[in-house]
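Right, one structure below, let's go through it.
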Amino acid sequence: MTIPPLLIIVVTVFGVLGVAAISTILERRLLGFFQDRPGPNRVGPFGLFQVLADAIKMLFKQDWIPPFADKWVFLLAPIIGFLAVLLSFGVIPVTPSWSVAANWNIGLLFVFGMAGLAVYSVVLAGWSSNNKFALLGGMRAAAQMISYEVFMGLSVMGVVMMTGSFSMADIVAAQRHVWFIIPQFLGAVIFLLAGIAETHRLPFDLPEGENELGAGFHTEYSGMKFGMFFLAEYAGVALTSALIATLYLGGWSGPLLPPVMWFVLKVAFLICFFILLRAALPRPRYDQLMAFGWKVLLPLSLLNILVTGAVLLLRAGA
Amino acid sequence: MLGIIRTIWLTFLHLFHRNETVQYPEVKPYLSPRYRGRIVLTRDPGGEERCVACNLCAAACPVDCISLQKGEKEGRWYPEFFQINFSRCIFCGFCEEACPTYAIQLTPDFEMSEYVRQNLVYEKEDLLISGPGKVPDYSFYNVSGLKIPGKDKGEAENEAKPIDIHALMP
């Protein structure tokens, strides 16, 4: 059975948008429960229409471009960020037959390329706002992403070495016997941390810097342009969850249930875990975050590659 | 590192704790009668206004939100107008403390939001209630020595007859 690619693309786009929208209400409800309060529960059954209310609010808010901003770059920045996240979803295999380009032999590299593009969105947003606080937020985001993307890439090399391929479909297929979270536990933890930093999630949401009572790189953004940053963050959470599920938790594979259910379950579990992290942990200081990245996580990820390589060589030699 | 994992675990356990939230508009909180909420003007048991427009409440008010004008009717003082600007009021209760006639009282009602700021200025007709409030039996003119129609000097409760200082008897 072949599904027309156009259908897959359209459904994937709307699926990601839907997941991002539902994540907003899920996050608020779960944070409420973690803090012993019910969270938004007034609008509709279980507060589900809160998504709709938020969407209406965001669409009808005044969409303002400051006169001192660089207009075209200012407009372009959120679009770049959102597209980068959206495009990355193309290489994620949802099920064996349902994905845009899971068999692409540079799938994982493409994800990192898109993650690299997302930095532009943040930096351009900070720069084009022509505002000191936005610029500082953008710079912090850039510095954070530079330091975290290095070992984000290195941490998955273990998986790539064990699979022998960058293709996401091959990576899932290679986990038929054992999920990579067991042989690659260190890599999984490092990738999780880097993924949090990559999506500016708490506790690593330094770009937003509420310390200076500004919203960081999107200080000057309003209405739907802010909404795109907002949705891109939640889509990024979904993307990171999907990546972790694919790379380390066996993707769509699992007993009894159909593959799509397993994929959804794993992603949902990881999204909830991200929200739990947000509720539990305080934000580290900026230099602490960078020092942790460069001095601890980078050597650990290199060590991970070294050990994985040594073990693979020993096995091949034996 | 262990501390971080422990924090995450303990936060996760909060998923199974009970909510502390009071569902406010449906579940009203109990507020004691001496709660300092919306201010009212009360009447004495006879149904007359208690306020004698002495201005002590306005003088005691730290934010100057009370303004009133004295009027006089058959020997009794009463406020011609009485305004409280609730957008200024800090609900400190000093006016209630200062009032010699128990006229001004603070009640447990705190639901007084408005969409227009000007609507928070309450006039006398908004403030004056029909009952005696927290002090049901007190009537200022019945205990004060003031002479009003129907009550001469010395006829008030617990009041001795006035002494005739020109008489020679002890």
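These residue numbers are counts, starting from 1, taken along the chain as shown.
Quick reminder: no glycine exception, Cβ is built from N, Cα and C everywhere.
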Further [4Fe-4S] cluster 2 ligand in TrEMBL, beside B:Cys89, B:Cys92, B:Cys95, within candidate set B:Cys54, B:Cys61: B:Cys61
Cβ neighbours within the same chain of B:Cys51 ([4Fe-4S] cluster 1 binding site) - under 8 Å, at least six residues apart: B:Leu41, B:Leu68, B:Tyr78, B:Pro79, B:Phe82, B:Thr101, B:Ala103, B:Ile104
Fewest other C-beta atoms within 10 angstroms, as judged across B:Cys57, B:Cys61, B:Cys92, B:Cys95, B:Cys99, which are the binding-site residues: B:Cys92
Residue pair B:Cys54 ([4Fe-4S] cluster 1 binding site), B:Cys95 ([4Fe-4S] cluster 2 binding site) - Cα distance, angstrom, rounded: 12
8 Å Cβ shell about B:Cys61, B:Cys89, B:Cys92, B:Cys95 centroid, [4Fe-4S] cluster 2 site members excluded: B:Ile39, B:Cys57, B:Ala60, B:Pro62, B:Val63, B:Cys65, B:Ile66, B:Ile84, B:Ile90, B:Phe91, B:Gly93, B:Phe94
C-alpha spacing of B:Cys95 ([4Fe-4S] cluster 2 binding site) relative to B:Cys57 ([4Fe-4S] cluster 1 binding site), in angstrom: 4
Fewest other Cβ within 10 angstroms of its own Cβ, chosen from the binding-site residues B:Cys54, B:Cys89: B:Cys54
